[in-house]
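Enquirer: Below is the structure I would like to discuss, written out as structure tokens.
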């Protein structure tokens, strides 16, 4: 096996919770990828205009950000975390089942807002739980976690595709003219951003002919095993009210067995889900309480802020690139035909998924700090080459694939690196997830307005600037890492929650 026996033993001991958190992130990806390609059919279902239906994007993204901020509220105990994940994953299945029944755009926006809240809770809680379980060994498991997001985001459009309307799904006198624009419009509706569609006129009244409901019901069934898996984990931990005993142990059976063998405790430690242990991973509002600032050095705040700013830029690049690369390609000077340009967002997300798969074994051999450095430098160089070869259609495709690879592992690597700096205390996970979500929203809106005013070439210039800022913030993070006070070796050796660190590999050493 390409990892050592110590990590393998820890993985086997935590197999069920790890697989459960991975599956919940699959729900996250399944829910994030379907909206773009199905939005035109949903417009027909709700008989709304394009400008009205695109508000559904905003409701989902805004509530995803809100759910990410509030996710830490449910992190105080293991039972609260699992119940929140069960409710969130079940809510996503219910959302898929209810969407075909939404014949009003406002109702649809509310339903998608509920989905966004569930996705935000899943994002924060799953990342936090894996960090708490594996701590210094968490990088490889976070890479796998984010692979499942990409896998779900690729699967849901594939499920929806056979049921999408080939012609305009509202039949009226203007159907023939509107149908000629349909492929162009649909390719513009990529995940995370609806694009500028105000100049397209599609009929709003007439007979609705769409089969997209079947796609949502299939996705509801595919997602249904996820809340069932979370329920079984709750049952295993004896947290289901109907099956729990009066004396519920704080430690699982494996953890109690390890407590009886102190000689092996450091090498084979598992997560001890004590209520006070979650204090270092509270929600965003609890993180801002003054009691958490007492005695903290300025580098404590600087690590949180610079780590969040790196993800603000890199996740913002993911959102703005996937949202506007199609619009950039079809405009001059490239003038790529619409059908060919439509492959660019799919290529971008496909290489993000491939990169996350490759990063699973790589992250075991390469330190998270090194991986983030490679990522931000790669993003910067890719945008530089895209600017130099801005008249080359071939290099646009090559650069899109390269950018997807470099951006793929940035978030999990940065999360593992920042949590390692802070010794798994503080609010790194909550702050980083929130910063990434804000960046994805803000940079999309910013780039959209700049492209509207300055033209399509500004799309690459903005990406170059954001990549340069990400590299700058990462350089500041490295500086504050060197300044951050390290714990004494005696404290590290005496900590029961710290896994043993193998010095000769140097894998997780700073």
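Every residue, even glycine, has its Cβ placed from backbone N, Cα and C.
Relevant sequence annotations retrieved from TrEMBL are reproduced here:
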- 21-40: transmembrane segment (TRANSMEM)
- 52-74: transmembrane segment (TRANSMEM)
- 81-99: transmembrane segment (TRANSMEM)
- 105-126: transmembrane segment (TRANSMEM)
- 138-159: transmembrane segment (TRANSMEM)
- 214-235: transmembrane segment (TRANSMEM)
- 298-318: transmembrane segment (TRANSMEM)
- 340-358: transmembrane segment (TRANSMEM)
- 370-389: transmembrane segment (TRANSMEM)
- 395-417: transmembrane segment (TRANSMEM)
- 429-451: transmembrane segment (TRANSMEM)
- 457-480: transmembrane segment (TRANSMEM)
- 489-510: region 'Disordered' (REGION)
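Map the listed features onto the structure and describe their local environment.
Expert: For the transmembrane segment (21-40), the residues of the chain that approach it from at least six positions outside its boundaries are 53-54, 56-57, 60, 85, 88-89, 92, 95-96, 112, 115, 118-119, 122-123, 126, 129-130, 144-146, 148-157, 159-161, 164-165, 169, 182, 185-186, 189-192, 194, 202, 212, 215-216, 219, 222-223, 225-226, 229-230, 349, judged by C-beta separation under 8 angstroms.
Sequence-distant contacts of the transmembrane segment (81-99) (same chain, at least 6 residues past either end, Cβ-Cβ under 8 Å): 20-21, 24, 27, 30-31, 42, 71, 74-75, 108, 111-112, 114-115, 117-119, 121-122, 125-126, 128-129, 213, 216-217, 219-220, 223-224, 226-227, 230-231, 233-234, 237, 239.
Same-chain residues lying 6 or more positions outside the transmembrane segment (105-126) and placing a CB less than 8 Å from one of its CB atoms are 21, 24-25, 27-28, 31-32, 35, 42, 46, 48, 52-53, 55-56, 59-72, 74-75, 81, 84-85, 87-89, 91-92, 95, 98-99, 145, 429-430, 433, 437.
Beyond its flanks by at least six residues, the transmembrane segment (138-159) meets 3, 7, 11, 18, 21-23, 25-34, 36-37, 126-127, 130-131, 191, 215, 218-219, 222, 346, 349-350, 352-353, 356-357, 359-364, 368, 371, 408-409, 411-413, 415-417, 419, 508 of its own chain at Cβ-Cβ distances under 8 Å.
Residues 192, 352, 372, 375-376, 379, 403, 407, 410-411, 414, 417-418, 421-422, 426-428, 431-432, 434-440, 442-444, 463, 466-467, 469-470, 473-474, 476-477, 480-481, 483-485 of the same chain lie 6 or more positions beyond the ends of the transmembrane segment (298-318) yet place their CB under 8 Å from a CB of it.
Sequence-distant neighbours of the transmembrane segment (340-358) (same chain, 6+ residues past either end, Cβ-Cβ under 8 Å): 33, 143-144, 146-147, 149-151, 153-154, 157, 183, 187, 190-191, 318, 321-322, 325-326, 329-330, 396-397, 400-409, 412.
Long-range contacts of the transmembrane segment (370-389) within its own chain (CB-CB distance under 8 A, at least 6 residues past either end) are made by residues 139, 310, 314, 317, 359, 362-363, 395-396, 399, 402-403, 405-407, 409-410, 413-414, 417, 460-461, 463-464, 467-468, 470-471, 474.
Cβ atoms under 8 Å from those of the transmembrane segment (395-417) belong to residues 127, 131, 138-139, 142-143, 145-146, 150, 307, 310-311, 314-315, 317-318, 321, 325, 329, 334, 336, 343-344, 347-356, 358-359, 362-363, 367-369, 371-372, 374-376, 378-379, 382-383, 385-386, 389, 428-429, 432, 436 of the same chain, restricted to positions at least 6 beyond its ends.
Counting same-chain residues at least six beyond the ends of the transmembrane segment (457-480), those with a Cβ under 8 angstroms from any Cβ of the stretch are 299, 302-303, 306-307, 309-310, 313-314, 316-317, 320-321, 324-325, 327-328, 369, 372-373, 376-377, 379-380, 382-384, 386-387, 390, 418, 443, 446-447, 450-451.
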